[in-house]
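Student: Pasting in a structure now, in C-alpha cells, and then I'll have a few things to ask.
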Amino acid sequence: MACEGGNEPLLTEQHEAQEPKPQDNCMVSSNSKKLRRCRSAPMVEPIIQESNLNRFLERPKSIFDQFNPQFKRVGTYLFIYLGISTVCFYLVRDQISGQKTNGVLDSIYFCIVTMTTVGYGDLIPDSTATKLLACAFVFSGMVLVGFFLSRAADCLVENQEVLLIKAMHLRREANSMETLKEVETNRVRYRCIIFSILMVILIASGTVFLTTVEKMEIVDAFYCVCSTITTLGYGDKSFSTPAGRIFAIFWILTSTICLAQLLFAFAELYTESRQRSLVKWVLTRKTTAADLEAADLDDDGVVGAAEFCIYKLKEMGKINQEDISLIMAQFNSLDVDDSGTLSPSDIYLAQSTR
C-alpha cells in the first residue's frame, strides 16, 4: 500500500506513543500493521475498569446493600408467597397427616420442604384440597426461591472474592488493578472455592445441629444432611422438634441452593478449561495455505490483520459466521457512499435517512 494517497485499511495500528519521523513514515506504516482498537473503545474501558476498581477499593457490602429494584420486587413476591402458602396450609392443617409440632411452624416447614423438593414425607397431604394446594405451590415456589437465593448467593460470592484473594496473597503486596485482573481471570475457580467452603460449613453445621438438638447418631445426622441437601428426602430421618424445624426453614433453603450453585460452578469451570485448551491449540498450531485461503474474506489473495483475527476468533469458537454477517450488515447500512470505509459523513447521512 502506498504511504500517501491510498486508503488506509480498516484495522491497522499507528503507534501513538512514538511519533514516526517523516522520512520513516512508510517504513513504520509497513512494519507495524497490528489490530488497532477503535477510538470509542478507550472511552468505555476506563469507565468499566474504574467501576470495578472502586468495588475492590471499597469495603465489602452486605447482600442487602446490592439489591436492585427488580431483586427487591422478587423478594417481596417470595415473602408474599410464603405468607399466602403458610395461611393456606395452616387452614387445612387438619388435612395434613404426620408428625406435628406447631400449626404455624409446621405450615412454614411444609412450604419449605415442598418448594425445595426435599419432600421428607413426615408431613403428608391426605385430602384432595391439600394435594391440589401442594401441586399449585411447588412450581411457583421453586421459581421464586431459586431466583431469590441464587441472586443472594451471587452477591455473597462477589463480596467474598476480594477477601479470598487478599487472604491468598498476604505475603505479597498486590495493587487493586492486579487484584481486579486476577478476579476476572480466575472468577470461576474462586466461585468453586467459595461454594465448596460454604458447602462444608453447611454440612458441618447441619450434622452438629442434628446430633445436639435432634439427638441423632452422628452417622444418621450426616445421612439426613446428605439426603436433604441432594433433595433425595428419604424421610426416615428428618427434623421433628420445633427448634429443628425452625433451623430447617433457613438451612434447607440455603444448603440446597448452595449445592446447585456449586455443581453449576464446577460445570462452568470444566467448560472454561476446555475453551482455554481450544484457544491454546488454535494459537500454537501451524498456519497452512488452506488457513490463509479460508481467512481471505474479500478474496483478494492476501490476508490482512483484521481477516486473520476474525478467522482465529472463529476457530476459537468466540464468534461465528452469523455474528460476522450481522456486523457486516450493520456496516453496510452505515456505509452510505459504498466506499468500504466509514466516515462521520456516512454516520450523519445514515442517521438522517432513518
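Here, residue 1 is simply the first one shown, and the rest follow in order.
The backbone N, Cα and C atoms fix where each Cβ goes, and this holds for glycine too.
Residues annotated as region 'Disordered' in TrEMBL: 1-29. If you look up TrEMBL, you'll see 13-22 marked as compositional bias 'Basic and acidic residues'. The transmembrane segment feature in TrEMBL is assigned to 74-92, 104-123, 129-149, 190-210, 246-270. TrEMBL lists 78-157, 198-271 with the feature domain 'Potassium channel'.
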Student: Across the domain 'Potassium channel' (78-157), what does the pLDDT come to on average, as a whole number?
Tutor: 84
Student: DSSP helix, strand and coil counts for the domain 'Potassium channel' (198-271)?
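Tutor: Helix (H, G, I), strand (E, B), coil: 57 helix, 0 strand, 17 coil.
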